[in-house]
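Asks: This is the feature table in TrEMBL:
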{"type": "COMPBIAS", "residues": "735-748", "note": "compositional bias 'Basic and acidic residues'"}
{"type": "DOMAIN", "residues": "43-95", "note": "domain 'PAS'"}
{"type": "DOMAIN", "residues": "94-146", "note": "domain 'PAC'"}
{"type": "DOMAIN", "residues": "575-652", "note": "domain 'Cyclic nucleotide-binding'"}
{"type": "REGION", "residues": "718-755", "note": "region 'Disordered'"}
{"type": "TRANSMEM", "residues": "219-237", "note": "transmembrane segment"}
{"type": "TRANSMEM", "residues": "348-374", "note": "transmembrane segment"}
{"type": "TRANSMEM", "residues": "420-442", "note": "transmembrane segment"}
{"type": "TRANSMEM", "residues": "449-469", "note": "transmembrane segment"}
Amino acid sequence: MPGGRRGLVAPQNTFLENIIRRSNSQPDSSFLLANAQIVDFPIVYCNESFCKISGYNRAEVMQKSCRCGFMYGELTDKETVARLEFTLENQQQDQFEILLYKKNKTPLWLLLQVAPIRNERDLVVLFLLTFRDITALKQPIDSEDTKGVLGLSKFAKLARSVTRSRQFSAHLPTLKDPTKQSNLAHMMSLSADIMPQYRQEAPKTPPHILLHYCAFKAIWDWVILCLTFYTAIMVPYNVAFKNKTSEDVSLLVVDSIVDVIFFIDIVLNFHTTFVGPGGEVVSDPKVIRMNYLKSWFIIDLLSCLPYDVFNAFDRDEDGIGSLFSALKVVRLLRLGRVVRKLDRYLEYGAAMLILLLCFYMLVAHWLACIWYSIGRSDADNGIQYSWLWKLANVTQSPYSYIWSNDTGPELINGPSRKSMYVTALYFTMTCMTSVGFGNVAAETDNERVFTICMMIIAALLYATIFGHVTTIIQQMTSATAKYHDMLNNVREFMKLHEVPKALSERVMDYVVSTWAMTKGLDTEKVLNYCPKDMKADICVHLNRKVFDEHPAFRLASDGCLRALAMHFMMSHSAPGDLLYHTGESIDSLCFIVTGSLEVIQDDEVVAILGKGDVFGDQFWKDSAVGQSAANVRALTYCDLHAIKRDKLLEVLDFYSAFANSFARNLVLTYNLRHRLIFRRVADVKREKELAERRKNEPQLPQNQDHLVRKIFSKFRRTPQVQAAGSKEVVSGQSDVEKGGDGDTDRTKVFPKAPK
């Protein structure tokens, strides 16, 4: 199963986990994370230590400015505040002492360290503010009652001088040195190496650590497998036929090389990653060494000792040399290397069949060596009707005796070693496969007893390996077959619908990682096997982390917890998965058990959520279904426990006493319904630049008109002239209408002549 064998190896953003791990190594330190791309630099995460020293819970701190203005008091130094403001605005690294006040107005001296966090584009996206309580090293703040009574002790004065000297050394001009980031990171209380970056990256391993799934390690494991079978074949053969490798230089060289390779494998095992119980890839050298020392180191060490070299210096067959010859059998412990890597070979059906056949042949080889040893022992004792004597007569290579003063009669000559081994292997194979021809048979009592035992063993092996080979493969690879069937269905679906490559890779990674976590088990199907009472108990156990960590469930009765647990759903998310989209209905209340997520609004990270955080909506206060104002995206592999809105309201409506306690004690780390109003730093800077640019532009005199303005004024004057002409024409027409014809006034009237 690739997912289980490789572990969880997809690129993850483990920035939050690294910071928390380093913070836990120093219990007296606390930290905040703030967004460096939003005005006022709102806080997106704070650890539990900060909540303890400040008295505020995480929900009260989130979205407030990282300047910590809510903790300022009357004695807070304004110069220090201005210095903090300057450090944040210019995205610099700095540290200084500052006096803040807890929620209960108790003064608190803190050593504040500011460090910018960059992403893969070398852009500062976060600020890391580390706090260390130094109140014990400072002079007590005098009140009216204690003024003049409490003085500064010698120890406090000394400690304060040391602190000031450290502070002075931190402000040396070397801040402009490009190597200052590494030096300051060493000085930071949370880190012992370079400050981690806020970006997705594959799990890193030290340069001297090998990944257990790399190509070199896979090839090396197959080489070790072949050498293990070589050892399992040669060791019984050399012991049975008393083949001293010291007499055969080539065989001694080969065995020595094999011993060296197995010793190199021990060294590599001290530098090879392994998959932890949670599916994570463990690359810490100390953890790797301790794990190997506690598991297979002793067996591997005993199996790679050079017994042939010890035996080469002793020529006594019956003395200590024979002891070393017998100790060669210890090398068979190398088969443990095959056992612990068997799940890797079970992934491939052909490899499994080959291993089964090899094991069958290996057992036949061991039995052949024992069969030869029994025949040789009987022949040495003078029994001339054993199978070896018959073989010698058939091959016309008879045995003969010579007298030795030390050992008495000694058997010499006889068939060749090759002929004896092939005949012994032929006999064991015919017995194990239930096909006996009778040309090689047991003649002595020892041979008959061994043959009976061999038949019993062979019957079991034959029935197991050949008779039920299909059943064995199905039992061993049922999960693998189901896994590959699921992967094939997903691949075919992607091809059929032409899903984009990026989305296809995300789907495949989610499927593989989910399988690695659940091992292909259907939780609902397993729970349906159990009765209601047992099912509720199992659900309470599965959600115990949520019930134990959150105070909202402390006053819940057993019946209430069981009712809630029955409605909780467990889900697994891969890095990059979007749990909520902007505008999506908020129908669940989510509790983070492991991993970290980021809340993104308008392409800006407004919150980073980790283990123990809660996000969703306050269903118990607002009956209307809300819409998400932000996206929620997984940074790492996350395990979430969620309960649907309707189911939660149903339980709260039934358990009214618990509903009041739940509404009072449950604090949402982030409410997805609320939309944050913020301004980006880049937008503010751009507005300032535009304002300064307008301010510096030269102003034109008012009497100097622009060309475009003149054209518009000309077009305005032309209609006015036309209007004036039309008025004159209209006035003329009106005069004519009043006086008749225009020439009437100029006509003379003559009187009539008299008669």
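Just so it is clear, glycine is given a Cβ too, placed from its N, Cα and C backbone atoms.
Could you place these features in context, so I can see how deep they sit and what lies close by?
Replies: Predicted-model confidence for the domain 'PAS' (43-95) is 89, expressed as mean pLDDT.
Sequence-distant contacts of the transmembrane segment (420-442), counting only residues of its own chain at least 6 positions beyond either end whose CB sits under 8 Å from a CB of the stretch, comprise 237, 241, 360, 363-365, 367-369, 371-372, 375, 387-388, 391, 414, 448, 450-451, 454-455, 457-459, 461-462.
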Asks: Taking a Cβ cut-off under 8 Å, which residues six or more beyond the ends of the transmembrane segment (348-374) line up next to it in the same chain?
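Replies: Same-chain contacts beyond the ends: 229, 232-233, 236-237, 239-241, 338, 388, 420-421, 424-425, 427-429, 432, 444, 446-447, 450, 454, 457, 461, 465, 469, 472-473, 476-477.
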Asks: Across the domain 'PAC' (94-146), what are the DSSP residue counts per state (helix, strand, coil)?
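Replies: The breakdown for the domain 'PAC' (94-146) reads 3 helix, 30 strand, 20 coil.
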